[in-house]
Each structure stands twice: as structure tokens, then as C-alpha cells.
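Positions annotated as topological domain 'Vacuolar' by Swiss-Prot: 38-382, 459-464, 521-524, 672-684, 733-953. Per Swiss-Prot, the feature N-linked glycosylation site maps to 53, 115, 779. Taken from Swiss-Prot, the feature Zn(2+) 1 binding site covers 165, 177, 237, and the record attributes it to similarity to another entry. The feature Zn(2+) 2 binding site is assigned by Swiss-Prot to 177, 212, 310. Per Swiss-Prot, the feature site 'Transition state stabilizer' maps to 309. As annotated by Swiss-Prot, compositional bias 'Acidic residues' applies to 581-591.
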């Protein structure tokens, strides 16, 4: 057959245009839907399902978010009363029982009795709750009202708890934090009191108050008798302002299985690992229910955008009915599955003393696929599969290599071959491309890391508003450099083994990553590395196919014998050249009209060396002009036997699985972290995370990128140039992506001096502070405050009392030292128009007691190293707290001993009600005169703190 006759074009061949088009189409086909799903919330139904009313829920949300409702505000009391009214309305409108369907019994508890003292590290809290509980009795529940008995306890299987908190921060309307959760709970009451939806197991719906100020409401719930009934829970939260509700924590696989009922699942176990590893520092009521009380449950929350979280943009204008429906539908589906479960999997020995006997489950791995399918399996299953594949995959590749060697088809790593019965050495060039991978991977990755440091130095917060500009910059330069390096390598040393060597290197790297991931799975129960396992499996299969592909090659001995019958001219020419590509050039043929303008088929490299197809050096003059059309370019002649379409199978094994699993993680991680720099988190971390994710997402194209045409890489170069300039010079904040600054005003009630301050990142916080009218002409002082800077100035005096009184009357306290007990004293503290005060000690105290307080061994109220601060919360206004304290012996060897027996500190009261204009003029001023690109949030529990000093001699 005439090898010079061009074959019919194969649309799947490993040639530039098919590779370019297929690679681009596959990446776009998987990435675009991910972006759409991440940013577009499923539409709410036009008509409400039976037992639910979306319009009613939206109207409730508008009422709920009419004002700021922190625990320490009058608006909070109004919402408490409104919730009781709405619950009674819903129960009154519930459909009546029928002959076939029984209406469940419902009990509403307005808990104005429970209180608790607890401590965490050197901070102690006394809290009086105003939680509202709705108990919908299940068909299988104990029919007695056991909670009314002095020692009453529930019988039978445990129930289900659904929780949302109805308080908000003092600077935010709390539409998603946690208004959507609250109205979802109201709809759950409506749904499960409909006779046909009556639960098998009892349901407790908790509207807790005080979450924003240290998870106080959830902790005090533990003191209600009904808290002993639920064994599982669903916590509804918000740490953003819209979008999809994300499942970001689950205690085990068994309870996570109930989430599978959700029509639009969304989330990854990687979020749970972030909490375990301490990367996410904020907490929700989940840690109280699961960690302190021993329940097993789920944490579902809105996570982005963080710029609106805890600000006045967390309102109904910036969320939607679609977001409301996403959380509501998820809650209904999950709760319905939990209350229908009659198995014993949520019953068993308590994990610790005094905790709920809910048994133990199995660590879980979960993630969603394109927002429609929920994948769930146990962590030990992932561990077993990981260990198995870590052992099996290298063995399979090793055995395949041995078989290839046995059948004389192992061309890999072979530079030459000596034909049998001959002293002549013939080149194979099978080692070409073996060391390319470190450069292919290392150069693009190193450059993107350099860009991460460049942005951190010159414009660290650009990711706050322009995360996709950062992504575009990283992706475009990575693609261009990977293509450029591979093309240079392919130009200088063309090799048909580029794919197999690159895949082999990738396999080795993935094997190392899988070892690390498996160790973390075993030691720290972190399942977020699941994507590494699947990527490793895909890489292994693609690599194995490359090795199996070698069986299509001729035996090396046969190939060598094919090369032997050459002319003496070729032999002498070959011996002159040896095996090096850098030997002298062939003598140029005489030019004719048909001669190429470049002269023969040789090419000159950048070092002025001749680029020659090595195999043509071993051919006779006649054979040299008969190039096999099945050989691509100047690659090795034996590559003509390799299949031309297997690359597509390898690409489909390696790339899509990475895009499907790593893509959502990249979007979720970016969405939840790109605006955390304003909170003091490292900007470099998010940039390095983007670099790592870019490398993971694009590395599957490395075995194939050298075949791509120049069109897309050059376009990527243009994109890189534009985005680099933008990312370096653009202002990082905007009206829709505001910088969050944190406000507090501190008043010295002994002297009347007040200091207003803003806390945030430099230089922006200073620029905002000095631009305020009241700060004009003042020396605005800025200094480090944790990971941020705090800028202070003398502010406009606040008006936090309902009537004008001297500041020294805002709070009062009396101190009396015990006569018969050394180092004991009693403080009586009262604040005007507030129900929150605290005592801050200059040195830690040993012990304390608040009159009327309850104690619970699950919540220790002391700390071995002493207590520095006691926070006091009352459900009534203008309350007087009585606090007995004991401090350390100054003569003891304790680290906290003082040189004298005195105790010093400050009594502080808080004011957080910002619903009336003019109450806190300094905050009004920041909002009125601050630039449009800032948002204001609270720095501490109170917007205004008034303090007086004390000394107990």
C-alpha cells in the first residue's frame, strides 16, 4: 500500500484541530452548567404544594425583617410576641381531622423560665432565654404529657428537632440570618399539623433567641424538659444573603441520608472538614446540639455573599422567593424523612455522660452532582477503596510493563536497540519526553503562585469584588504557559510518548496525593479529599490505557530488522551522526522549483541546532522521502502503529471527573472565602487556593495540550494581559460588594468621655474614619486590633436611654466584700434601658455564681485558668444581677495570683437597639457620610458600651 497517499481525515484523531475543539467543548460543557447552577437558584413553584404557602412565608419574612431585632432590643420582644401570634394563627387554620386522617396534638411552649450559666475558656455567660417551642406529637410518641412530671422523661424512640433563631445582629435585618430559617419553621408547623402530613415521630420546632451573642439560645434550650426528647436535628442558618442553602455539616452518614430526599441538594463534606480543621472559625447552633447535647443532625445555611452578611443588605430586597423555597423545600424533604424513620439507628448509648442517648453513626462523605443528585457513602468505604487502589494501581502498571518487556514491546525509556546478530546500534528515541512533566506542571504553577503574591502585595482585596477576574487571570496564564512549554518541548524533541510520560508523571503525583488523603481520612476523619480518589482512579485508567496502547507497536526486534536493510550511504551517515540530535547536518540537496523554502525537512531550533526526525537519519535516500502519513510530524516512525483515537478515551477518563468534582468545590470555596479578607483573614490564602484549584482543574489537559492549535492559547494570553492590568489597578470594592467595617462606641461613665471607632482593614478604615464630619480636626488614632486595625475618635454622644440622664446614671453597681470568706465579694449590677451587662476583670477570678442560675454538667461554668469576663443577659429590662465572685489567693503558686488581695475591673452595660434614628448619632454619621462601598456591622454584642471601674480592696 502506498504510505504517501493521504488517508481520509479522522475527526477523532490525535491531531491539532480535533484535540483543540474536543478539549474546548468538553471543558465548556462541564464548566458552564456548574456556573449556572452555582449562581441561579431553582425557581419556586407558581402554586404552593399542599400544606405549604410560599406567599405567606414571604409575607412573614417581610414582617420579620421590618427592623433590627437583636436580643437586647425592644424589637426582639415584638417579634417574640408576633411569632406566638403567628403560630396560634397557623394552628387555628389547620385543616380538621378526617375519618381516615388524625390531626396531631400540638403543644406550644413560651419558655420564659430557663436560664443557664456556662463558660468557654476564660469567658463566662449567664443567660435567660425567651425561646418558643412547638411540639407536634407523633403517632408513635408517648401520649402522656411527661414533661409536666417532676422527674418525667420521654419514652419510645426519640423525636426530631428543627431549629432557627429569630434574633438578628444589631446592624442587620437578618433576612437570611436567620429570617428564612424562621419562616421555614413556621411553614413546617403548618405542614406537619395538616392531618395527611402528621409525623410518625414527634417533631419539636424551636424558635430560639440569642444565637448571635454566643449561641446562648441553643444552650439555654438544653434546660427545657422537651430538650430530652429529640435525637436528631436540622439546623437552619444563614451566613450570606441569598443563593442556595448549602448542606455544610452532618454528624454522620445515617442522618445525612435524610437529606437525599431534597430535590435540589447542594453542598460538600469539605465544608465540614473546614470546621474540623479550624479553618472556619464562626459557629452555629449545630455545635451545641451535636457537640454539647449529643444529638445527631445536619447544618444547612446560606453561605454567600459574605459582604452582605450582618449588614443592612441582609434584607428581603437582596434575597428572593427562590432562595426561600430552596431552604423550605430542603427542610420539608429532610424533616419528613427524619420523622418517618421508625428504625433504631438513632437510638443507642450516649456518647458521653449526661448527653442524649442517640447512639453513634458512621462518618460520612457527601457531595452533590450539578445540584440534582446527592452522593453519600461512608468514610470507611472511601478509606477502603483508597487503600485498595493505592496498592492495586501501581501493581497493574508494573505487571503491564513486565508483559510489554516480555513481548519485546516496551519502548518506554529505551534510547536505542541492537539488532540480533549485529554490532550496529539503532536509535529508538523512546526516552524523548520523559522529563517534560516537571516543566509542564511547574512553570505554569510557579507563575500563578507568583501572581498570587503579586496581588497580595499590590491589590490584596481585589478578589472581594472581582473573584472571576482573578480566576480568569490564573486560568488564562496557566493554559498559555502549559501550551507554550509543551510546544517548545515538542518542537525541539518531538515524541509520540508525550502522552504516556505525562500521564505516568501525573499518576505518580496523584498517588502521592492519595497517600496523604488516605492518612487524613484515617487519622482525622476528613472526607473532603474524596475528589482526589476519583481523580486518581481516572488518571490510573488513562495511564493504563497508554501502557496497553504499546501492545499495538511492533516488536522492537522486528522494527530494528526493518531498519537494517539500508544503503551504505545511510549506514555511514548514521555512524557519523551517532545517536545525537546535535551532530552535523546532512548536506543540503540542490535546490529545485519543488524544494521547500525552508530547505529539506530539517528545522533549526532556538540554539541554531538542526531539528531532524531521528528516524530519517537511518533511512536510505529513497526511503527518507517516503514518510509514513500515520506518523505525526517528526515523531518516531514506529508511532505509526499506535491507535489514533485512544487519546479521546484517556481525556474523557481524566478530565470530566475532575471538572465535575473539583469545579463545585472551587466555586463553593471561592464564594464562601473571597470576601473574608475584610474580617482579617489572609488574602494570600484565597489566592493560593485559587492557584491550587486552577492546577487541579487544568492539569488533565497536560497530556494533550501540545497538540492544540495556537488560537485558544493566544486568546488566553490576551485575556491574561487584560485581567492582570485590571486586577492590579481596579478598586476592590463596590456598591454591591461593600467593604465591611465594624462599629462600636465606648463611653467612660466615670468621666463622660466617649470614643467611637471603626475596625477594618487598612488603609480603607482610616480613610473612612478621617472623612467623617465629627472626626474633622481630630487626631484619629489607628492601631492593630487582632488581624485588623481599629481607628478611634471622639464621637457624637449617644442617646441610648428613653429620657435624658447624666451618663453616670446609665448603670449602677454596688460591691460588698465578704467578712467571713477571704477573697469573696458580691456585686449587684443594674443598667438603664438594657438587659445586657458584663463584668470584666483585670486578672482572672477563680469562681463565681449568679443568683438564680441553673447549672448543667454538659456546660461547665468555670475554667481552670480562671474567668476574665462574665456576660449577663436578662429577659426583663432594667434588671439587677447579683454576682458572687471568688478570686485567687495572692500567696498561692497560681499564675493568676496578684501581689495584693484586691480585685479590680470594670462593670459594663450594653445598648444594641438601633431601630430609632438618632439613638446612636455616631453610627448614623458613618452610614450617612461613609462612601457607598462600605457596609457597617457590629464589632461586639453592644453597639454602645458604657463602663465604670471598680476595685475591691
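Including glycine, each Cβ sits where the backbone N, Cα and C put it.
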_Under a three-state reading of DSSP, tell me whether residue 165 (Zn(2+) 1 binding site) is helix, strand or coil._
strand
*Starting from the Zn(2+) 2 site formed by 177, 212, 310, give every other residue of that chain whose CB sits within 8 Å of the mean position of their CB atoms, in sequence order.*
168, 169, 172, 174, 178, 238, 309, 314
*For residue 237 (Zn(2+) 1 binding site) and residue 53 (N-linked glycosylation site), determine the Cα separation and express it in whole Å.*
21
*Hey, for the Zn(2+) 1 site built from 165, 177, 237, who else sits with CB inside 8 A of the CB center?*
164, 174, 176, 178, 181, 211, 212, 236, 238, 239, 284, 285, 301
*Tell me the Cβ neighbour count for residue 165 (Zn(2+) 1 binding site), meaning other Cβ atoms within 10 Å of its Cβ, over all protein chains shown.*
30
_Can you tell me whether DSSP puts residue 177 (Zn(2+) 1 binding site) in helix, strand or coil?_
helix
*Show which residues of the chain containing residue 212 (Zn(2+) 2 binding site), separated from it by at least 6 in sequence, have their CB under 8 Å from its CB.*
70, 71, 165, 167, 168, 169
_If I take the Cα of residue 177 (Zn(2+) 1 binding site) as reference, which of the recorded positions 53, 115, 309, 779 has the closest Cα?_
309
*asked:* Using a Cβ cut-off under 8 Å, which residues of the same chain at least 6 positions beyond either end of the topological domain 'Vacuolar' (672-684) come close to it?
replied: 239-240, 271, 303-307, 452-453, 455-456, 460-461, 463-464, 467, 737, 739-740, 760-761, 786-788
*Cα separation, residue 115 (N-linked glycosylation site) to residue 309 (site 'Transition state stabilizer') (Å, whole number)*: 29
_glycosylation sites compared (53, 115, 779) - the one with the fewest other Cβ atoms within 10 Å_ = 779
*Enumerate same-chain residues with a sequence separation of six or more from residue 310 (Zn(2+) 2 binding site) and a Cβ-Cβ distance below 8 A; give 'none' if the list is empty.*
169, 171, 172, 177, 740, 937, 938
*Same-chain residues near the topological domain 'Vacuolar' (459-464), Cβ under 8 Å, at least 6 residues beyond its ends*: 307, 470, 674-675, 677-678, 683-684, 686-687, 690, 727-730, 732-733, 737, 739, 761
*Protein Cβ atoms within 10 Å of residue 177 (Zn(2+) 1 binding site), excluding its own*: 26
*Of 237, 309, the recorded positions given in the record, which has the fewest other CB atoms within 10 A of its CB?*
309
*asked:* Quick check: in three-state DSSP terms, what is residue 309 (site 'Transition state stabilizer')?
replied: coil
